[in-house]
């Protein structure tokens, strides 16, 4: 195994910086707590008592004199004219929030992972080491793993709630996305060029000789079926994870547009960010993407706007730009969520009757206490898509367009199936066979198909969930 050298030094340096600088310099903390976001403070009990005309009894004798052996909960009219004060969201306020430390660590790790990837790409572009392991792949894989962990952490909240409404919604969407994932896999490559068919063909071509040596010819179709079923199950679980982030995104998108009525440029960015999953779906729809740019239907003269390699590079760049665009409009979305406290109070004032003062305070505080969860719901799909894009470029053998794309080896298993010396023991021979089997399975074409499927499917789930969220908040939430 080749020595990592410079890449290992950069990895150790990055890990040290991430550990040492976290208390002093944090992108996640700056994104949420730099003072540009403001939150609403709940009205104090004294203010609510003054509005209700019920001053607090000064002592036990006064309560007994008024016939109150035990003080009843304070209730005020729902339309009481109290005001909600605002204050900047600071780090001191955020440290007590649930999941803030998880949010900070996850986002900062994703930032450092991106920095390692940029250095590695520059290192390979300038020096081109052929025998070194690309350590940025491990950073991206770790980030994808932590993204799934964040999805599990947030989704567990809905399954642990006493009310089963959120749990039912997750299970319903999981079943729906399971059906859609199975339908997507039967779409022809001429329509949806995810690359699953060439990837499976490459895998089976390399696995077939290995299975024949063991007499396991029957396992080849079973392996293909298992991979397709596994991709469908992964799509179902991912769809369940993205259900409530999509619903939340629709709500914050509507509110952010309302808050930015006098800023047309910001509204344009919000619309573009919201429709970014639709652009991602378009990138892999061959008739209206690759074929249209390769042979545009303009006049009788046939010409090509982009070559296949240029289209692949442009697709990678567009994916990165769309992820950065969604990151750029994070604060308008978070501010729109924090303003839900005021909207809930205004909705309360349109109702008749009385309400306990404690419930008013809880309605306001609950919005602020949930802001880190909303931040994770917004940023985790973005980070997952971005790192899958980086993995697609590296493991799929693509290029950024700044240099020639690396050539894909047609038979990677042939290199791993090198003759083993007679002096080597049985353990080394078994390890070599396992390495050959893995090399035949994880071919660049197969990884292209799997990663493209994950990127496309993540965008599809986000789009469907957010569109349903728009319909829900527009027509059903107020009814």
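Glycine is no exception: its Cβ is also placed from the backbone N, Cα and C atoms.
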Is it the same side of the membrane for residue 246 and residue 335, going by what Swiss-Prot records? yes
So which range, 350-370, 371-391, 392-412, gets flagged transmembrane segment in Swiss-Prot? 371-391
For the candidates 69, 307, 413, I need the one that Swiss-Prot annotates as phosphoserine. 69
Can you dig out which of the ranges 41-61, 167-187 Swiss-Prot describes as transmembrane segment? 167-187
Cβ pairs under 8 Å only, please: of the recorded stretches 167-187, 305-325, 450-470, which one is richest in them relative to the transmembrane segment (264-284)? 450-470
Ranked first among 135-155, 305-325, 371-391 for CB pairs under 8 angstroms with the transmembrane segment (99-119): 135-155
Mind checking which residues of the chain, 6+ beyond the ends of the signal peptide (1-28), have their Cβ under 8 Å from one of its Cβ atoms? 103-109, 111-112, 115-116, 119-120, 123, 131-136, 139
With every protein chain in view, what's the tally of Cβ atoms within 10 Å of the Cβ of residue 34 (N-linked glycosylation site), excluding that atom itself? 13
Report, as numbers and ranges, which residues of the same chain sit near the topological domain 'Extracellular' (246-263): CB under 8 Å and 6 or more residues beyond its ends. 270-271, 274, 329, 332-337, 339-340, 343, 374, 377-378, 461-470, 472-474
Tertiary contacts of the topological domain 'Extracellular' (326-370), as residues 6+ beyond its ends and Cβ separation under 8 Å: 31-32, 36-43, 45, 48-49, 52, 73-80, 82, 84, 89, 93, 97-98, 248-249, 251-253, 255-256, 258-260, 266, 269-270, 273, 276, 378-379, 382
